[in-house]
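Written out below as structure tokens is the structure these notes cover.
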Amino acid sequence: MAKEKIEHLGGCERKLVSMIAVCPVYILPTRALIRSASRRQKVGCLLALTAGFSPTPTSVYGVNGRRAAYSGSMEIPAKARPCYSAASSTSYRGAIVADGHCRNLAYFFCQATDSRINNAIAVLRGLIYLLAHQQPRLISHVRKYTDAGKSLSDANAWFALSDILVGMLGDPNVKPTCLVVDALDECVIDLPKLLDFIVCISSDRIKWLLTSRNETIIEKKLKSNNARTRLSLELKENAMEVSHAVDVYIDDKLSGLEALQDDALLKDQVRDILHNKANGTFLWVALVVQELSMDGVESWHVLQIVEEVPPGLDGMFKRMLDEIERNKRDSEFCWRILSVVTVAYRPLHLDEIGRLSGLPEQIVRSTENIQKIVAKCGSFLTVRDNHIYLVHQSAKDYLSDQASPLLFPSGVAVTHHDISDRSLKLLSGKLQRDVYGLCIPGFSIDHVRVPDPDPLATVRYSCVYWVDHLCNWQSSDDSKHPDIFQDGGIVDGFLRQHYLHWLEALSLCKSMPQGILSLAKLESILQHSSITSQLPSLVTDMHRFIIYWRWVVENYPLQVYASALVFSPARSITRGLFTQEERKWITSRPIVEDNWNACRQTLEGHGGPVNSVAFSPDSKWIASGSNDRTIKIWEAATGSCTQTLEGHGDWVRSVAFSPDSKWVVSGSDDSTIKIWEAATGSCTQTLEGHGYGVLSVAFSPDSKWVVSGSDDSTIKIWEAATGSCTQTLEGHGDGVLSVAFSPDSKWVASGSADSTIKIWEAATGLCTQTLKGHGDWVRSVAFSPDSKWGVSGSNDSTIKIWEAATGSCTQTLEGHDGWVLSVAFSPDSKWVVSGSNDRTIKIWEAATGSCTQTLEGHGDRVLSVAFSPDSKWVVSGSDDSTIKIWEAATGSCTQTLEGHGDWVRSVAFSPDSKWVVSGSNDRTIKIWEAATGSCTQTLEGHGGWVLSVAFSPDSKWIASGSSDRTIKIWEAATGSCTQTLEGHGDRVRPVALSPDSKWVVSGSDDSTIKIWEAATGSCTQTLEGHGDGVNSVASSLDSKLIASGSNDTNPPHYPRYGIDMSKRWITKGSENWLWLPLEYQSQCLAAAASTIAIGCSSGRVLTMKFTTDS
């Protein structure tokens, strides 16, 4: 370090510089020099501290201080560009080359009371910004995301930003870098993630300097880094250095006071008084200087003010409260505002604070009036961008503790109750249907623009936090308000009148996950034994409602009044309450189940089939791997996707959590295994060695080992910490489709396409048993939690339970109609769950082998299943690209809707619109009453899929074409088959009857059209000319002409209502109007005037009628 720089520093700072030069990990306190009050001083100090930086082993430095050791600044840095200005940039560039060495310095100053800079994502943004500014070549790591059009501010922000910063710090061209995070304890959002990130970043060119008060979580997390060093600035030996730093700050602040500019003697007197009273605290000095800077303070006032100010922060805060108390006219309003701000979960907007504080109407109707009251709250509060912040965390601590009798005379719980009560009244007055005037039912949240003025401006906070305040009150004492949870009470009344409006508002505020958690909290507190109302059952139903419809309402707010109501169970309390809110343009609604089924949530987001799913051991998270080459991490409680992990070059076949929930392992068709840090989403290792795709992966129960099975017919065991392959197990005659560790880590089981299961000794790699019995590929294997049993699922449609010790098969479970693709034991070993090609999940009693439940709902084969660690839930992943969460205890189907057993390939209306006919892959034709949706007949006879159906113009006959190469003619009234027409050389795709009912025309994959005499069944003509399969045929009205289409990929167009290209929306013109849940996804459609019939992949036929003028 340059000599003049060292001399400029105090003793404590010099000590810090010397430690940074030699120590790898370093921990500093809140009273540290880097918390000095001005940005320029903070930056200057950091420059000096890091000027002597040289590459040494990985470093995390920290400084630790007691809770009462506060420091602070009246200036708050911007969120995206922390503490950065042109002046500091210039001085920085000079400093980093002063001693001939070039290095980077990135820093971030957290503040708990400022929502812009109190979270882990903001820390990463700030560090990335400064690194890119100082070394522009590193911007390429940012462009990797921005050039690909990926967002850095959505649900994946943490993953994206951490990946960018890891890339920057690992860049071979990065200069030696010091990363500084001040007030780490004031990072109140995602602090554990940030700590894990700091500990995991390892490089001999990177050092961390951290400051924090004594916080257990910080101490615990950083202890895992054995190379850290801690310096406590609370020690008496450092008191002089801290005092010196405060003196420098006093000199800097007094030099800018206009009242002292021409009086050196007065300045010296004031300096001496401030020095004696500051007690080594920057914030105290800042507050005094702020008072001296107020309008109307003259030079002859200064000495009196500083003499009257009590020493130390507590004395200063007490004086501020006394001044508020002396203002008799407005003191009550100040107490109300301070009490609300103190307990609020985020900084409040000026439009919110007035009514939440219960201020008089004359005040709250004017933002200017509210600002005046806020200004009278001493120096406790500051206003930025119309949001109210506590000046510092120390102010909040003082108000919550020592000022509590004044602010909360009846207890803090009463304030929570008052905020909740006022919130509900505010929401009841503001919320309404389509509050933003979107009009179109399928209007996307991505296209919503907040109107000016914003109708939700005064209730945004209330919308998200009213339940939290209610819970804080209720957990203390609800005896003073016995009626709040009773029928007709304020909570019951709000939910019955405004629940759907609230969900719409949550979507518009982009706070749907918080809303789901709020309902869960409310449901929990309503278990109180003294509550005898109907409210608990109402809230339980509403919780089910929002969990099930989260995705569509979150992305299309007005669908809460459309799809969510139309397709909810008929006996849902929520649906019954809001029948009047159902869309009036839907005049005939589909038949739905009576009650909620076992499926709690459907998680959508993957762009391809979901091959593997896994619960984290704490049941909080779900990992999924997909053909879209990504792994997604989902929050189990809300269904929100928190991270998308990218890096594999091919399909992700298998995912698993480590037993401590810290890591996720994935196997891919790109022949690699990747280990990911669950908290940050960063890929820590890529394991290479298999010759073909990796089909299955698993952690050992002690998290030390990873086992993988591959299409190269081998199993490999890897050391998780180093990524080295310790064993390769050979013996299978075909690809290894599934692997599993025993719970005691002693054994590995593998299932293979050679139809066998093998048991291997993990320590030696010896194969101890080969289990034979399946008649086809063994798709999945698992151990019971007590290691006594093994379970396997096979392409032979069976599940087998094996005794692990002897290898004998004790039970064979039969019931699936297709391959069994995944099996798992429940954590208590009592149950086995299986997923199959037949699109169902079955739950079996392990002891008896009886099937207790069959869960239906997926639109394609079920590729992966797993129990939650508490055995309450089952998660499944499917070829339909979704993940479903099922309630294990109540998985029995409450109602079976009559329908097809496989995809519906074709639907058609009768000419009088009274009937619908459908053809399915289950080889049957069904006739449905259009008005009621009830099935009146099932016609059987085809030997293959029924690909096309049509009514005759007089509605008496039905024609059907099949993959069995035949056309059948059926009498509609009786269902009897009167003729079977044979002659095509391939599947019969379309069929149609001429308007005079004399002729049947058919098109086939053999590229021909045939015309048949309906009365006799004879083929009168074969029309050739198409070069590929014929997909569509039609006869002219006079029966003289036939039109045919081949390979026409354009969807049919209906003048009013139709289906969009994704098959998930009923459209009106070009606009999306009604979202179709996955089980109603369209495979084919028929329209007659304003009535639509939809054939679904689930086998259902959906009929709906709309108004002709919506």
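Just so it is clear, glycine is given a Cβ too, placed from its N, Cα and C backbone atoms.
Please treat TrEMBL annotations as automatic predictions, because they have not gone through curation.
Each residue in the domain 'Nephrocystin 3-like N-terminal' (101-213) gets a DSSP state, and the totals come to 53 helix, 22 strand, 38 coil. For 101-213, the entry in TrEMBL reads domain 'Nephrocystin 3-like N-terminal'.
With DSSP classes pooled into helix, strand and coil, the tally for the repeat 'WD' (603-644) is 0 helix, 24 strand, 18 coil. Taken from TrEMBL, the feature repeat 'WD' covers 603-644 (among others).
Summed and averaged per residue, pLDDT over the repeat 'WD' (645-686) gives 92. As annotated by TrEMBL, repeat 'WD' applies to 645-686 (among others).
Annotated repeat 'WD' per TrEMBL: 687-728 (among others), in sequence order. The residues of the repeat 'WD' (687-728), classed with DSSP into helix (H, G, I), strand (E, B) and coil, number 0 helix, 24 strand, 18 coil.
Under the heading repeat 'WD', TrEMBL lists 729-770 (among others).
Taken from TrEMBL, the feature repeat 'WD' covers 771-812 (among others).
Within the chain carrying the repeat 'WD' (813-854), a Cβ under 8 angstroms from the stretch's Cβ atoms is held by residues 598, 776-777, 779-786, 788-789, 791-795, 797-801, 860-867, 869-871, 874, 876, 878, 886, 888, 891-893, all 6 or more beyond its ends. The repeat 'WD' annotation in TrEMBL covers 813-854 (among others).
For 855-896 (among others), the entry in TrEMBL reads repeat 'WD'. Panel annotation: around the repeat 'WD' (855-896), residues 593-604, 606-615, 617-619, 622, 624, 626, 634, 636, 639, 818-819, 821-828, 830-831, 833-843, 1078-1079, 1081, 1097-1098 of the same chain, lying at least six beyond its termini, place a Cβ under 8 Å from a Cβ of the stretch.
Only residues 6 or more beyond the boundaries of the repeat 'WD' (897-938), in the same chain, are considered here, and those with a CB under 8 A from a CB of the stretch are 588, 590-593, 944-951, 953-955, 958, 960, 962, 970, 972, 975, 1083-1089, 1091, 1093-1103. For 897-938 (among others), the entry in TrEMBL reads repeat 'WD'.
Cβ atoms under 8 Å from those of the repeat 'WD' (939-980) belong to residues 905-912, 914-915, 917-921, 923-927, 986-993, 995-997, 1000, 1002, 1004, 1012, 1014, 1017 of the same chain, restricted to positions at least 6 beyond its ends. The repeat 'WD' annotation in TrEMBL covers 939-980 (among others).
Under the heading repeat 'WD', TrEMBL lists 981-1022 (among others). Long-range neighbours of the repeat 'WD' (981-1022) within the same chain, counting only residues 6 or more positions beyond its ends whose Cβ lies under 8 Å from a Cβ of the stretch, are 944-945, 947-954, 956-957, 959-963, 965-969, 1028-1039, 1042, 1044, 1046.
The DSSP breakdown of the repeat 'WD' (729-770) into helical (H, G, I), extended (E, B) and coil residues amounts to 0 helix, 23 strand, 19 coil. Sequence-distant contacts of the repeat 'WD' (603-644) (same chain, at least 6 residues past either end, Cβ-Cβ under 8 Å): 155-156, 158-159, 512-513, 516-517, 520, 547, 550-551, 650-657, 659-661, 664, 666, 668, 676, 678, 681, 860, 863-870, 872-873, 875-885, 1078. Secondary structure by DSSP for the repeat 'WD' (981-1022): 0 helix, 24 strand, 18 coil.
Broken down by DSSP into helix, strand and coil, the repeat 'WD' (645-686) contains 0 helix, 24 strand, 18 coil.
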